[in-house]
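Asks: Take this structure first; my questions come after.
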Amino acid sequence: MAEYDHYEDDEFFNSFNDSSQKEHQDFLQFSKVFLPCMYLVVFVCGLVGNSLVLVISIFYHKLQSLTDVFLVNLPLADLVFVCTLPFWAYAGIHEWIFGQVMCKTLLGVYTINFYTSMLILTCITVDRFIVVVKATKAYNQQAKRMTWGKVICLLIWVISLLVSLPQIIYGNVFNLDKLICRYHDEEISTVVLATQMTLGFFLPLLTMIVCYSVIIKTLLHAGGFQKHRSLKIIFLVMAVFLLTQTPFNLVKLIRSTHWEYYAMTSFHYTIIVTEAIAYLRACLNPVLYAFVSLKFRKNFWKLVKDIGCLPYLGVSHQWKSSEDNSKTFSASHNVEATSMFQL
């Protein structure tokens, strides 16, 4: 969903000179091609990746740890999120033809799953912190933690629904040269933006910085040949989050405090490009939080064999050998309780 207000409003740009209006028209042509293409790329990649994670987690991997509970809800949220993108892609090329009810529904679904995804990423970070730093306690309370994890996931979905109500209530179809589905309410827009920035960026970012800093310190004092691999994964997770989410959130923050940027066509380009980059998280989450696990990759090849897409080619033995070798790694006696560190 394009996060802008005036791009399609020709009346907004009629007050500017001919050169500015020409730049605006060029931008509109660019956005009609760029955003729908990016939406479809994210949709296809996110659909395939998150569907694989869900199928393997439910039918092959089972729920063996608290992280596994989160890794079922994360691809579910991302999967529903990417399923809204074809609608926004079509509306970007043409106009909104799906009516007001679908407008409110898709705005709600889009926002709910955005918040859910970010909050679950935060919970995964905290869970990894507990398992690595407080390994013995986590191991002894594994059953209790599983129960609490399911409750936490339910609460996350409820909280996401509640904070998405403004988009659902105030979302509507507007006629700005063409029909557009968007959320727009000046009175509460500041509160909505603050909620988006807090739950969707600052909370997961600060949690990652604090928790992963302590985890890195713990791993540096741990033995095992897989220590460096785990550190690389942590740095990769942080780098992907910063590179995909920071630019768009920074642009939104600037836009909310400096309205004069609306008159700059170059700033409009910045918004849609950073927005597209931010949406890549829905494609990358399956790789960062599932496919890094040897057990998950082994189950993936089992799925490939079961559906008959490719010959097995002795893959099972390959992963079995790698998995046995990985078990020599230990930052504590039960680091393997999490999906991330079953590398």
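Cβ atoms here come from the backbone N, Cα and C positions, even for glycine.
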Asks: Taking the topology from Swiss-Prot, would Q64 and G308 be on the same side of the membrane?
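Replies: Yes, Swiss-Prot places Q64 and G308 on the same side of the membrane.
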Asks: With reference to Swiss-Prot, which of the candidate residues C37, C45, C153, C181 participates in the disulphide bond with C103?
Replies: C181
Asks: Relative to the Cβ position of C103 (disulfide bond), how many further Cβ atoms are located within 10 Å?
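Replies: There are 23 such Cβ atoms around C103 (disulfide bond).
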Asks: Averaged over the whole of the topological domain 'Extracellular' (261-276), what is the pLDDT?
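Replies: Mean per-residue confidence for the topological domain 'Extracellular' (261-276): 84 out of 100.
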Asks: Given a Cβ distance threshold of under 8 angstroms, which distant residues of the chain, six or more beyond its ends, lie next to the transmembrane segment (34-60)?
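Replies: 2, 68, 71-72, 74-76, 78-79, 81-83, 85-86, 88-90, 92-93, 272-273, 275-276, 279-280, 282-283, 285-287, 290, 296, 299-300, 302-303.
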